[in-house]
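Working notes for the structure below.
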Amino acid sequence: MANGVIPPPGGASPLPQVRVPLEEPPLSPDTEEEDDDLGKTLAVSRFGDLISKPPAWDPEKPSRSFSERDFAFHRHISHHTHHPLSARLPPPHKLRRLPPTFARHTRRKRKKEKTSAPPSEGTPPIQEEGGAGAHEGEEEEEEEEEGESETEAVEPPPSGSPQKAKFSIGSDEDDSPGLPGKAAFTKPLPSVGPRSDKSPQRSVSSSSPRARAPRVAGERSRPWSPSASYDLRERLCPGSALGNPGGPEQQVPTDEAEAQMLGSADLDDMKSHRLEDNPGVRRHLVKEPSRVQGGRGSRGGLTPTLRRKKKKQQPDRRPHEVFVELNELMLDRSQEPHWRETARWIKFEEDVEEETERWGKPHVASLSFRSLLELRRTIAHGAALLDLEQTTLPGIAHLVVETMIVSDQIRPEDRASVLRTLLLKHCHPNDDKDCGSFPRNPSSSSVNSVLGNHHATPSHGPDGAVPTMADDLGEPAPLWPHDPDAKERPLHMPGGDGHRGKSLKLLEKIPEDAEATVVLVGCVPFLEQPAAAFVRLSEAVLLESVLEVPVPVRFLFVMLGPSHISTDYHELGRSIATLMSDKLFHEAAYQADDRQDLLGAISEFLDGSIVIPPSEVEGRDLLRSVAAFQRELLRKRREREQTKVEMTTRGGYLAPGKELALELGGSDAAPEDDPLLRTGSVFGGLIRDVKRRYPHYPSDLRDALHSQCVAAVLFIYFAALSPAITFGGLLGEKTEGLMGVSELIVSTAVLGVLFSLLGAQPLLVVGFSGPLLVFEGAFFKFCQAQDLEYLTGRVWVGLWLVVFVLALVGAEGTFLVRYISPFTQEIFAFLISLIFIYETFHKLYKVFTEHPLLPFYPREGALEGAPEARLELNGSAPPPTEGPPGPRNQPNTALLSLILMLGTFLIAFFLRKFRNSRFLGGKARRIIGDFGIPISILLMVLVDYSITDTYTQKLTVPTGLSVTSPHKRTWFIPPLGSARPFPPWMMVAAAVPALLVLILIFMETQITALIVSQKARRLLKGSGFHLDLLLIGSLGGLCGLFGLPWLTAATVRSVTHVNALTVMRTAIAPGDKPQIQEVREQRVTGVLIASLVGLSIVMGAVLRRIPLAVLFGIFLYMGVTSLSGIQLSQRLLLILMPAKHHPEQPYVTKVKTWRMHLFTCIQLACIALLWVVKSTAASLAFPFLLLLTVPLRRCLLPRLFQDRELQALDSEDAEPNFDEDGQDEYNELHMPV
């Protein structure tokens, strides 16, 4: 130990008399093994200089006794002898020991409690010789076993020279107070090989692996001098081995070199330990490990005391979200050095543009393979400080610099320069322009010219135990020589201006629990070789003015070096920043215990990386395979991680940081409640839906108290009103006014309110659809052909519909929706789109027939209708009571109708395209695109209103709450017939059309509910397929009695409603796809939307201004937009396209071209068959033929195609897209409008 005294048993009891034999006894094998396990003592070779008159060696005298005064005198004078103990470290092969027995383990544990930790991972711990003997008096059962190993041999000095003997620090020795001189004894060191008694005793060499030259026993150690090289061997030495030429009376605990690295508390402790004489009290080398020497980069460098402390306060090893910032050493306009942010990572890399100093677009970081190898070598040889307990940047920088000195990366004279460089001011692109513009990659010559012509006085405020440089460094160390104004250069000072220029928008994109990583790289002229340090703090701390946003810092990486080497510091900084942004690597960085764990994580990163050959890439098409190859590597990487998690789980333990992942997505997660799962009991699914959904009824009302719900009501109101007006006008045309806009608005309002209050999924929007419009027209033609009352027949169809719905729900038949694949959905949507397009041009053809283009129009008698039309050609006359024919042969009517139809279509279509453009902001584009239909209707109505001398047919809307044709019907439809009795056979035969309309309602409602209930949409309150189908079917029977149209769940409007109530996460990395935070599931918005649609009946005067040609344009828009999201239409275009221009889609790359075209032709054949049926008198049967496509897909197609091909051609892989620049609902859905 430092004073070289044996502690008495009990700590304060008198020291016993120690008998030291003059002859060296033979060592038994057991004694040699114990000495080898306990370590070699650190011999001091120059202790003989302190002895003026050594006693004569008497071989006949067996032993002598030492008193307490001898020990006290030796303890006092031994403090002023400088012996660098780092030159006596054990060799490398002695550092690895065999597993000790329980007794040896106990002694080694006591010994480690008296030893300070090494400063870095690469430095082995200092082991003191005789350390185990310090505890021999504490265990009585060990005295006999340790007695032989504690003997000391005395060798006679050469004649004619002063005695030069060695003693072991902490060995048994004594001094006689009356002697003029004092003999020094040394404990023999057991050698590894065969032992020779005549061979000189060799001590342990340097701790550095590169210099382990053995020291001769009598060699004189070199005293420390300012000009000597201050390396690891001279740094790691106890205070008792420091030279002091002032004599024993000078009260100096240590030299300046060690004092400048220690705090005041450590210096006071050293003074009390080394200079105060407390008799009977044994003091150790260092009471507690120094902060500088207690590097966290080594597992074995922690004493048991620290291990117990860390066990009480374990650092947080749970992985957090990451924010990485790269700062480079730059020069501002005044040629002053500062740290400048050049890139940042949340998930993807964002670089600062050179000229404009603004952030570029996020992109995947591309790294050079050489920079990764250099980074691996840097971490392997640099400093690694893990779980560093510091809370300020000056404290962290001080320990980083000291560790660099200890690990021989920088010289001691560069301490102040490196420290001041680390504490320079940090500037960011969002800050004020006080930092000025800077060159992105300044040349090394310019940096060296500036850094070589400046001078700085290092000074910074004290931080706890970190000494002030002005007090402890003496003369100021030059950082930039020859600069008298360097004292005013800004440094990083705590409590300054704080985070200037914070980007609140960026802060919103960073997760709340994120911890930052700061990367500092740059060139400096005063270093001869690169110096690096990887730091992980024990807990995240908020460092003022370092980051552009106030995010706590957990990791730091420092890389400084000269400019004359070939290392690209910018690329090396990008490499470590990209690694820290990688999910698996930063998890490994949190859990790493030493640098080997970091190196292993780099190897894992390299295993999942892609190396692109150094060849020119002419276009993006040449890089198509890179994305697919990367996805394959990521899949294998996830499989390896999953395998590791499973192995650790089976082994009975979990790796650090894996507990949360298993809790969230592990095998122990609760199974999900499948609403389509059959219970086996009658109405079992309906009961489950009621129990699942109705308990959330109070929250369905509370969750509506948000401003987002108000905005959704206004938006969906126009989205629901536009189809109601469009389909109402077309329905009035098909049914000759028996049902029109009034009936459809009332039906939408009543059924919407009831469904929102009672439905299991209140986010569904019920409304009229294209398939129901086709069925209503087919059923009307059927009734006309059979001379039946259309409205009375609908009453009996509605009653049978209720019966069939009850039977289907009671048998839990909703599970059949699983068998409806995209094969059937695409056929259904494609057919309805074709019908919409055909009906649009057919209506336009009728307009041109009634109002042909003539070379001459007669002046008189041009109007064949009512006289009122002559007075107001384009006015809004009240609807006729009887139904006279409208005017015919009107000039310019056909052309104006064509203009209105195409104008409405083009405006709505291009506003939809504008939604996905780059103009304006994302929210503004989305609002404009979503309101495209109302905007186009409004503009074309204004155009028609401004042309007063041209006739156009207007929408027929009654005044007030009235039916469309009061002279034809009333609000209540008698089931037995109004004009004549309804035939009884038709009452029974109505079951057939009821079954057909059930097929349409079932497909649209259940598929819509299935789309809304996708896992990706994050609906938490559940759905109810049985309850929703029962409500819509039962309300359909009610609609028949009042002559209202049947409704179903409208797919596009329902998805739009859910998207409007979806709350997206703001903490999304730039460039990453948006993620759903929550969906406001409630019932109030549906009730308000339906109520507002019902109140629109009072706008009859406004609705009567809408020309039918405008509705034809909306009809055309619905048909065209529905085709854009269907895969069938895309594959249809591929038939006319060469194979080399086919897109990179699974149905192209995984299926042969001719087999893909065969699948497309089968779908086209089904569509043609349905079109033929729809065009004949048997048009009512088209829903039944549509249902037959389900068994066709399940039974016939597997015989023609392989499962792999069907998976590519008929897979439901569409996910909701919430990106502001993404596609709209029409592109995501395979269902008709």
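Any Cβ shown, glycine's included, is placed from N, Cα and C.
Among the features that Swiss-Prot reports, compositional bias 'Pro residues' is placed at 1-11.
For 58-73 (among others), the entry in Swiss-Prot reads compositional bias 'Basic and acidic residues'.
Summarising the annotation, Swiss-Prot assigns compositional bias 'Basic residues' to 74-97 (among others).
Look at Swiss-Prot and you will find 104-113 (among others) tagged as compositional bias 'Basic residues'.
Under the heading compositional bias 'Acidic residues', Swiss-Prot lists 137-153.
Positions annotated as compositional bias 'Low complexity' by Swiss-Prot: 201-216 (among others).
The annotation compositional bias 'Basic and acidic residues' is assigned in Swiss-Prot to 268-290 (among others).
Summarising the annotation, Swiss-Prot assigns compositional bias 'Low complexity' to 437-450 (among others).
Positions annotated as compositional bias 'Basic and acidic residues' by Swiss-Prot: 482-500 (among others).
Per Swiss-Prot, the feature N-linked glycosylation site maps to Asn874; the stated evidence is sequence analysis.
As annotated by Swiss-Prot, phosphoserine applies to Ser168 (among others).
Swiss-Prot lists Ser171 (among others) with the feature phosphoserine.
The phosphoserine annotation in Swiss-Prot covers Ser176 (among others) and rests on similarity to another entry.
Here Swiss-Prot flags Ser199 (among others) as phosphoserine, drawing on similarity to another entry.
The omega-N-methylarginine annotation in Swiss-Prot covers Arg296.
The annotation region 'Disordered' is assigned in Swiss-Prot to 1-320 (among others).
Only residues 6 or more beyond the boundaries of the transmembrane segment (1029-1050), in the same chain, are considered here, and those with a CB under 8 A from a CB of the stretch are 686, 720, 723, 731, 738-739, 743-744, 746-748, 750-751, 754-755, 758-759, 764-769, 772, 776, 791, 794-799, 801-802, 804-806, 808-809, 814, 963, 969-973, 975, 997-998, 1000-1002, 1004-1006, 1008-1009, 1233. With pairs at least 6 apart in sequence, the transmembrane segment (981-1003) and the transmembrane segment (1156-1192) have 3 or more Cβ pairs within the 8 Å limit; the two touch.
Packing against the transmembrane segment (981-1003) from elsewhere in the chain are residues 771-772, 775, 779, 782, 786, 788-789, 792-793, 796-801, 803-805, 808, 817, 820, 828, 975, 1029, 1032-1033, 1036, 1046, 1048, 1180-1181, 1183-1184, 1186-1187: each is 6 or more residues past its ends and has a CB under 8 Å from a CB in it. Same-chain residues lying 6 or more positions outside the transmembrane segment (710-732) and placing a CB less than 8 Å from one of its CB atoms are 739-745, 748, 752, 765, 767-770, 773, 776, 839, 927, 930-931, 933-934, 937, 955-956, 964, 1045, 1050, 1053, 1056-1057, 1060-1061, 1085, 1088-1089, 1092-1093, 1096, 1103, 1106, 1108, 1111, 1114-1115, 1118, 1233. It is 1084-1129 that, among the stretches 738-775, 795-817, 827-848, 927-947, 1084-1129, forms the most Cβ pairs under 8 Å with the transmembrane segment (894-911). Within the same chain, residues 715, 718-719, 721-722, 725, 874, 896, 899-900, 903-905, 907-909, 911-912, 914-916, 920, 1056, 1105-1107, 1110, 1113-1114, 1117, 1224 sit at least 6 positions outside the transmembrane segment (927-947) and bring their C-beta atoms closer than 8 Å to a C-beta of that stretch. The list of residues near the transmembrane segment (738-775) in space but at least 6 beyond its ends in sequence, with Cβ under 8 angstroms from a Cβ of it, reads 689-690, 692-693, 700, 716, 720, 723-725, 727-732, 790-791, 828, 832, 835-836, 955-958, 961-965, 968-969, 996-997, 1000, 1004-1005, 1008-1009, 1012-1013, 1019, 1022-1028, 1031-1032, 1035, 1039, 1043-1051, 1053-1054, 1056-1058, 1061, 1079, 1081-1083, 1085-1087, 1089-1091, 1093-1097, 1103, 1118, 1174, 1179-1180, 1182-1183, 1232-1233.
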